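Colleague: Can you keep this structure in mind? I'll have questions shortly.
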């Protein structure tokens, strides 16, 4: 069932979630990094939002805090490793988007850790989380102007900004050709339109600029059998999933459903949440059967299970050369996860339980704080030293460091390092 749920998530992301995100980005004139940090992060982090609401209102425990903070390191290092190792394309990265998202995540993580340090959450503390995310979205709204200002300001002393300026200069003739050949989607849209195109040549650029309505050939039906033998076997195995998704989600890649892209986005996010719930449920049963301690499960299999949509979505876009979108989804989904904690906390403390603060348990907070900060700093430095690209070398380094962090975390939770009681799943 676990393997089948992995297959189901990949089908939802590839056939419905990412195509709807492409049309949203076209309509709003979003660059790939902004789209990855907002809509893509929100959709793929829907399971964490559901988990946070369950922890605040149903189980009344710390499941939301432990799941979100426990999977943060996997999101940063584990998914980065997957993007590097499973992608045959070397993706180039921009300096500003990664710096912006890492800074926003560091601030939001520090705010959450400061709030739960006294084991109590007040309404104004949870409201500050919403304010931080609002400021982050505001920065994204003016992302292009801020990026241009910083490139001009710091390009003389920073090589990564200098390369970005040179790349923009090389693309200027392309911009002129676009303005002569047809209308722009948005005046502030970046030059990386057609974010899911494999190659950005003139014909594809023309197609992305004129919109999907003018494409002569409609997208092939999802029931078309692949030609490769291995893909045929997977197609037959996944036929029940394909049929169920086809009956419940409008395929916005087809011209008839093109204007239903927001419905596609919302329903596919709901399906991602449902599939992830079953996936985590099965992983928990496996952990209980094997007698794995609850804390170890949370740091390894459960952390990876709740982040399956982020992993699949990031790897899919990285394999098409959209490195900025992949990295912005990795870090931006963590920023959104902090918001996932703020929304239920604010609703509960401000409107439901107004008599006092929310009680939470913050055991292991110091180690979690150090791990989060180190992982954010490392991923930024590793990308910088690797020449601002995602390749197999960066993936290997991230994988090794993730394994080191995981081993140290398990040793800490088992009481070998430090002094923590150990609980087994189901007890």
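Cβ coordinates are placed from backbone N, Cα and C, and glycine is handled just like the others.
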Colleague: Looking at the ranges 192-214, 261-283, which is given as transmembrane segment in TrEMBL?
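Modeller: In TrEMBL, residues 261-283 carry the label transmembrane segment.
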Colleague: For the annotation transmembrane segment in TrEMBL, which listed range does it cover: 165-181, 216-232, 233-249?
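Modeller: The range carrying the transmembrane segment annotation in TrEMBL is 233-249.
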Colleague: At a C-beta cut-off of under 8 Å, are there same-chain residues at least 6 beyond the transmembrane segment (122-144) that contact it? List them, or none.
Modeller: 31, 33-34, 37-38, 100, 104, 107-108, 111-112, 115, 188, 190, 335-336, 338-339, 341-343, 345-346, 349-350, 354, 357
